[in-house]
Amino acid sequence: MSDVALGVNIDHVATLRNARNVDYPDIVEVANIAVSNGADFITVHLREDRRHIKDDDVFRLKNSLKVPLNLEIAPTDEMLSIAIKVRPKCVCLVPEKRQELTTEGGLDVKRAFSYLISFIEKLHTYNIDVTLFIEPDVDQIDQAKKLSADNVELHTGKYCNNTTQSELSQVIKAAEYCYQRNIGCHAGHGLNYQSAAIIAKVPYISALNIGHFLICESVLHGIGTSVHKMKKAIASAPN
């Protein structure tokens with residue numbers, strides 16, 4: 001049985017709510033249902049354009065959840081200030097483009113290295129763990145290690161869009177390299193029941209972040225049932 005943790009991203013609950021600019025579905029209620037059905041932590045992405053999650057959502061979740069909050073943000077001064085006020089268990093730094101539908105790829109840690117040094121140091125000052133969302137690439141992992149990041153999250157989008165052995169091998173290689181460099185390894189983006197079960201089998205990956213697929217499934221089956229089924233899919237993967 002796999003002990004890989006499941007992080008449920010609830011951004012698109014807010015997307016549905018914001019479609020009519022109302023106060024339902026309540027994001028805290030949905031998060032708590034996910035937790036009661038096996039979610040080990042809750043993830044939200046506070047984007048600069050606030051297209052789904054709003055500032056108030058983040059504070060409400062932090063004050064209400066009985067599991068850790070993983071806050072995804074772009075590495076900007078505004079977002080740093082918010083993260084310090086919220087004090088989530090973990091901040092995951094992601095790249096952002098205004099016109100993208102979703103995060104399109106990993107953070108270029110090497111390119112942003114000089115800026116990220118002080119950014120990560122400040123988060124660590126407030127005992128906030130730092131994860132960097134990156135492509136499954138050993139050079140990016142090396143840079144993350146130099147920055148003293150606690151974890152990386154491997155972008156699985158390319159594998160999910162093109163489920164070849166070559167793409168899977170990149171994830172496997174990167175996860176093993178994380179172990180060698182003594183940096184935590186998570187994975188996420190584009191995962192469904194089948195691909196999550198496969199990625200959960202990869203040695204040294206300790207957590208998966210899954211959002212859009214689960215929210216879509218919840219329209220048909222409810223958030224509790226969908227999270228429970230995902231938890232079972234992950235647990236079915238052998239250690």
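Glycine is no exception: its Cβ is also placed from the backbone N, Cα and C atoms.
Look at Swiss-Prot and you will find HIS45 (among others) tagged as active site, proton acceptor, backed by sequence analysis.
Annotation comment: Swiss-Prot describes GLU72 (among others) as active site, proton acceptor. For the recorded site, GLU72 (active site, proton acceptor), the DSSP three-state label reads strand.
The active site, proton donor annotation in Swiss-Prot covers HIS189. In the three-state DSSP scheme, HIS189 (active site, proton donor) falls into the coil class. There are 26 other Cβ atoms within 10 Å of the Cβ belonging to HIS189 (active site, proton donor).
Secondary structure at GLY211 (3-amino-2-oxopropyl phosphate binding site), taken from DSSP and collapsed to helix, strand or coil, is coil. Cβ-based neighbour count (10 Å, all protein chains) for GLY211 (3-amino-2-oxopropyl phosphate binding site) stands at 23. If you look up Swiss-Prot, you'll see ASN9, ARG20, GLY190, GLY211, HIS212 marked as 3-amino-2-oxopropyl phosphate binding site, on the strength of sequence analysis.
If you draw a 10 Å sphere around the CB of ASP11 (1-deoxy-D-xylulose 5-phosphate binding site), it holds 21 other CB atoms from the protein chains shown. Here Swiss-Prot flags ASP11, HIS12, ARG47, HIS52, THR102 as 1-deoxy-D-xylulose 5-phosphate binding site, drawing on sequence analysis.
Residues annotated as site 'Transition state stabilizer' in Swiss-Prot, with sequence analysis given as evidence: GLU153. In sequence order, CYS92, THR131, LEU132, PHE133, ILE134, HIS186, ALA187, GLY188, ASN209 are the residues of the chain that are 6 or more apart from GLU153 (site 'Transition state stabilizer') and have a CB within less than 8 Å of its CB.
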Cβ neighbour count (within 10 Å, all chains shown) around GLU72 (active site, proton acceptor): 27
Recorded positions clustered about HIS12 (1-deoxy-D-xylulose 5-phosphate binding site) [Cα within 10 Å; pool: ARG20, HIS189, GLY190, GLY211, HIS212]: GLY211, HIS212
Distance [Cα-Cα, Å, rounded] between HIS212 (3-amino-2-oxopropyl phosphate binding site) and ASP11 (1-deoxy-D-xylulose 5-phosphate binding site): 8
